[in-house]
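Note sheet for the following structure.
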Amino acid sequence: MILKTLSAPIILENSNSTFTFLPGGDNFEWIHESIMINAFQGNTLDGSTNNLYLRIYKDNSLAFYPLIGMNSKSTIKSGTSTLIFEGTAEDISYTVTFRLTPYGIWFWDISLSGNCNKADIIYSQDIGVGTKGSVNSNELYLAQYLGHSIFQGDYGYVICSRQNMAQGDLFPYLQQGSLGIRSIAYSTDGTQFFGLSYKKTNIPEALYGDLPSKNKQYELAHTALQTEAFSLSGTKQFSFYGICKTNHPEVIREIEYIQELEKAYAYHESGEILPVNVPTLQNIGAPYASSRWDAKQVEHYFPKRLLEEKEEEALLSFFTPEKSHVVLQDKELTTERPHGHILMTNFDVTKVPQGVVSSTNYMYGAFNCQFVVGNTTYNKLLSNHRGLLNIQKDSGQRIFIKIGDCYRQLTLPAAYEMNVAGSTWYYQLDEDVLIITSFAMYNRPEIVLKVQSLGHKKYDFIVTHQLTVGPNEYENEIKLTREGNILQLSPTDPVVTNHFYPELSFRMRIPEDCTLSDDSIFFHNNTTINPSLLSIEILQKSSFDIVMQGFDTGNVIPFLDQYDYKEQLEAYRIYYDQLVCNFKLSAPDKIPLSAEKLNAIIHWYAHDALIHFASPHGLEQSGGAAWGTRDVCQGPIEFFLTTGHFDLVRHILITLYSHQIEGGFEWPQWFMFDHYPIHQEDCHGDVVFWPLKAISDYIQATGDTSILNELVDYRTAKDALPTNQPETILIHIKRAVTTIKNRYLSGTALISYAGGDWDDTLQPANSELKENLVSAWTQALAEQTLELLCSAIKGIDHDFSKELSHMANDIRTSFYQYLIKDGVIAGFLYRESEEHMKYMLHPDDTESSIHYRLLPLTRSIIAQLADFKLATRNLEIIDEHLACPDGVRLMDHPASYSGGISKIFLRAEQAANVGREISLQYVHAHIRYIEALATMGLSKKAWDALMRINPILLTDYVPNALTRQSNVYFSSSEGCFDDRYEYAKNFDKLRTGDINVKGGWRLYSSGPGIYIRRIIADLLGIRFGHNVIHIDPVVTKELDGVTLQFTCFGKTVFFTYHVDDTMDKHICVKSNNNILPGDNLNNIYRDGGIQIAKDVFLSAAMSDNNFHIYVKN
């Protein structure tokens, strides 16, 4: 059968506006010209996130009533451009008329009749204000660039919102206000309106009090207006309005379009108004949130707990000896970002994976979302989860359980347990516990949902699946066939996936004797509105499984008879232990807390690193599906080199070089590494160096110069297609080096900024900056890369090696000649003319208000480009100007924000939200700071910096850190500023710790991989080279006596650290009480470690696999 797409039956059109509504009157999609106004498409079970609420006050109580949508119980009539809601709330009759005018302006006209001493209205509207593709791609991201301005007009507050990130060449605008009644309070974000308690209560917090009247620029753009209170004796009429303009290039300075508003208000439709048949839900109760567990219940299910997180003695979360992480309900209700987990099937770690299966779940009852095989954007079975607060509860796979006479959707559990293999939800029912587990199968492309009653009680269930079988929900029809209890689903012919993956398919094994339906199962008269909501009714079961399979080839496998979670836990435990070379820290007595934290976080960050590499996406960034060239050369390459997975690194590099672009011979900013020929053609100025550095690091670690002779193709710039003109990787490298030379500013070896550098927010705002700006960070990276490449190919191509050496020297000379003034490395140098150069992000910079930039300070140390004096000065600057309790910041002051208009940089001056890179504590950059500290041998600082970004028991190091998920990488630490203006004014509070900080987007980053390398290679000091092992620890006294278990050259050994400040030598390594011979490692800043030949090391390990490292701190 063919499952049709959802068809919103109420369509209002006028001129260039098309607003669609669901049959219950809920907003589905509002489009004006090319702009989608709402952020979230309504659904048939929850309705939409926007509404009008009538609040009636009585003595010491308050009651509220939605006036529109399926939850209002209104009757509905519709015309060509008009929608009318009618009903009663207590003693008040209401009529709400929605009018869409031809001017991109619409009204909610409200008429109330009856008697009431005190009432008011809350107007609530989620907003996207971008192209439909941008909104549906990631509402959270788009909201970060939606700048709100609040003004007082004749009728109180007016909210004006400008999309600062260009939608094509447009900057859309939305204005909302009231007419005929004053709006006395407002809010701008869903976290203000719904609140964190919504995850349990399903009731917006704002309805119980006054709106905060604060412009909170966060990620859940949702505007609300509160009218003045009024008494009612007879009839009262007033309106709310909205104005959309597709382009507003200027800064918002005032309330606009008053005359257009007056003209539109006078417009009324004269066509026929007809009743709408409103479907009604049957036997559906309020969502079910578990009661919380007390201490005895937690003890019963989890008697062994490690790394307990508490708040005023209340237990929030903990780890188990098996490295599971358990979150209790109280913690989820304190975090803006919901606890979540991405499951992924394992893959062969000798080659780049294709077709891994992954699925995302969240604590509040999203059991499987974004189930994909391979490409995380296109090859999708289930829809993405959207938002942060579980407002729209139809995404992915959900479960309803019949309690009493009603089906209730399971939302917040008492406890949520995560393991790398799966997630488990514990729901406390009356005299029973329902345990739900979603887990990945080992060596099989399957995710299994397992439901069981601990008391073996039988229940009725409905399990829903919002299908996509393509990129997004509601976009394409779906082929569904059923044979017994096995379903097969595949996309219909027009879908893009069919062209590149013609055999893409999904299969589901559902319980025997269950009933298959769609959303009609929830409605009287079996009305179908959304055919793609696959619903499975399972009656009188105490346990059942649903197994989902994904295939991007035709190699379909049969289902198993039984699926055992414990077997998968053990298989994945072994897999991850081997992945990280059996890493484990221990001590003869009590293990230091920092070491215990590292044991836990290495396990979880290894999981995050694999997701970033093999199934690129995150908990907030559901899109991805591609390798960023810069990213794959850092996180995955560094992680797999650290853990000795050299075959995989080789395959990554061959894949990477096959995506070099013909003609320009640089790499795309990002590219899809599967069958989809999709990439971002242009790139930032630093991108060309990362593949060169990565292959140099690989050759240094393995001695494998044969990779240079591999024949690989190029890609066309426009279409990302193979050119069928392969050349050796060495020639690829030479062509890239020529490109670098061509970017020299004339008369210098300064390299042009081009499209930007590592900090994506500092993309240049115009072509002059691209050509004449120089990044000191890129310059330092270039010198380091060319030095490494020179060494890597010295025995292969002597002349080219000499050329690289000369280039590195010239770049070093230009670095010192042009980029340093008064002992401070400038962030940028701008050549206004050949005679005049201007320092930017430097104490001489009078334009940007930014005087120091972190990146060149750390990269020049990592590259050992800065001499000891300059390196010391760099760290002094960091300590004085960039260090904060939660980590080092990218700059000493944020970029200017003037209503979202860019003058120098794009995103840095456009983002309205203080998040991600805008927050300036981007954890990736902090990890590079740790690398710089280790390079200089500053052990105390390095270990302290390491723990300040470890999410486990974070407040031990960062007292002003808000509660966040403890087992997942967060990409930034963000000051709790409501908007950019408050941020600029109070930036110093970050230094003093006088403002709280919260975690940013999670998981999708190269950060986990480079963090693991810092721990193992830089701080514990175990690194692999060609037929050698480097032992170069940078450890503190706290690690004295600690033993590291680690597999080296296929042999698991134990390194015990002895920190002895009385030693004559900096380091010695003993085995069987014999000092192992070796060569000293070079380091311009400190005494280096020791290099021991592989055969000497293994010979010693054969007789005794215990090594003792004696190091002078």
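Glycine is treated like the rest: Cβ placed from N, Cα and C.
Straight from TrEMBL, the features:
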- Arg630, Asp631, Trp758, Asp760, Glu917, Tyr922, Ser1005: alpha-D-glucose 1-phosphate binding site (BINDING)
- Asp1040: Ca(2+) binding site (BINDING)
- 20-242: domain 'SOGP N-terminal' (DOMAIN)
- 302-550: domain 'Glycoside phosphorylase super sandwich' (DOMAIN)
- 576-958: domain 'Glycosyl hydrolase 94 catalytic' (DOMAIN)
- 1021-1110: domain 'Glycoside phosphorylase C-terminal' (DOMAIN)
Inter-residue C-alpha distance, Trp758 (alpha-D-glucose 1-phosphate binding site) and Asp1040 (Ca(2+) binding site) (nearest angstrom): 37
By the count of other Cβ atoms within 10 Å, pick out the sparsest of the binding-site residues Trp758, Tyr922. Trp758
Between the C-alpha atoms of Glu917 (alpha-D-glucose 1-phosphate binding site) and the residue listed as 'Ca(2+) binding site', the distance in angstrom, to the nearest integer, is 37
Could you state, as a whole number of Å, the largest distance between Cα atoms of any two of Arg630, Asp631, Trp758, Asp760, Glu917, Tyr922, Ser1005, the listed alpha-D-glucose 1-phosphate binders? 16
Between Ser1005 (alpha-D-glucose 1-phosphate binding site) and the residue listed as 'Ca(2+) binding site', what C-alpha distance do you get in Å? 32
From the centroid of the CB atoms of Arg630, Asp631, Trp758, Asp760, Glu917, Tyr922, Ser1005, the recorded alpha-D-glucose 1-phosphate site, which same-chain residues not already listed sit within 8 A by their CB, in sequence order? Gly628, Asp759, His924, Ser1006
Non-local Cβ contacts of Arg630 (alpha-D-glucose 1-phosphate binding site) (under 8 Å, 6 or more apart, same chain)? Gln669, His684, Asp686, Val687, Trp690, Trp758, Ser1006
How far is it from Asp760 (alpha-D-glucose 1-phosphate binding site) to Asp1040 (Ca(2+) binding site), counting Cα to Cα, in Å? 41
In whole Å, how far is Asp1040 (Ca(2+) binding site) from Asp631 (alpha-D-glucose 1-phosphate binding site) when you measure between their Cα atoms? 35
Under 8 Å by Cβ from Asp1040 (Ca(2+) binding site), same chain, sequence gap 6 or more: Tyr1057, His1058, Val1059
If you count, for each of the binding-site residues Asp631, Asp760, Glu917, the other Cβ atoms lying within 10 Å of its Cβ, which residue has the minimum? Asp760
Restricting attention to the domain 'SOGP N-terminal' (20-242), give the mean pLDDT. 98
Per DSSP, the domain 'Glycoside phosphorylase C-terminal' (1021-1110) contains 13 helix, 41 strand, 36 coil
Number of other Cβ atoms within 10 Å of the Cβ of Ser1005 (alpha-D-glucose 1-phosphate binding site) across all protein chains: 29
Once the DSSP letters are reduced so that anything not helix or strand counts as coil, what is Trp758 (alpha-D-glucose 1-phosphate binding site)? coil
